[in-house]
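Annotation source TrEMBL lists transmembrane segment at 39-60, 80-102, 123-144, 164-186, 198-220, 247-268.
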């Protein structure tokens, strides 16, 4: 096993080898309990994520409702909503990272699939579990507070008045890029080996990325960057406006995740240069 070695007061990095890419279809994992345990973990984590965050959104809108004597400065505000989303991601990624990888987001799963970190079967079932968990999480909120849920929008994402479709799509693409790029950087095994003497808690920067993106994009789209989050809220709220804009919250995050995966794998990690070098070596033989 590789170890950190201190030489002359300085740490040398661990030995590092790139893990092999995940197979496109891995039939063997379908026979393993750990695979199904990971799917359950993704379902429960996404359920809890939607339950807490949608409750926070509805609670804030209730507190600032002028019909109830509320004012704009009452309640947790946009800052508090952003903290709720970022904080829950920090907590849930910390809890589930060792079981499922702590994706809790189809866009993250899609980016990791493109980077060959997960198989196609695992990616599809993760996304299904995340979407189902999001529906159930929003369903719990609606069951407990149906009148507030319907009155205050159910936490559903839609394009805010005054913004064009292109602006909303760009906000989702860039916001998801920030998140998925952070996921790749925080979980990069090469970085962990190189900087192994520096303790890094991966869920922390991931949660902060979610927090910062929400601060920037809540006024534009309500911040999706997670198709399961947008889908679950749209299903349970079930009104025309969120459904009309719903495609933005799938297309934008998937494009952002794809760009992040390509940028990290083929530019920062020089995957393209390695592939080109391998091709040249095989051609010269």
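Note that Cβ sites are derived from N, Cα and C of the backbone, with glycine treated the same way.
Scored on C-beta pairs under 8 angstroms, the neighbour of the transmembrane segment (123-144) with the top count among 39-60, 80-102, 164-186, 198-220, 247-268 is 39-60. For the transmembrane segment (80-102), same-chain residues at least 6 beyond its ends with a Cβ under 8 Å from one of its own Cβ atoms are 37-39, 41-42, 45, 48-49, 52-53, 56-57, 60, 112, 118, 126, 201-204, 206-212, 214-215, 218, 223. When each of 39-60, 164-186, 247-268 is scored by its Cβ pairs under 8 Å to the transmembrane segment (198-220), the top-ranked stretch turns out to be 164-186. Residues 105, 107-108, 111-112, 115, 200, 202-203, 205-206, 208-210, 212-213, 216-217, 220-221, 223-225, 245, 248-249, 251-257, 259-261, 263-265 of the same chain, all 6+ positions outside the transmembrane segment (164-186), place their C-beta atoms under 8 angstroms from a C-beta of that stretch.
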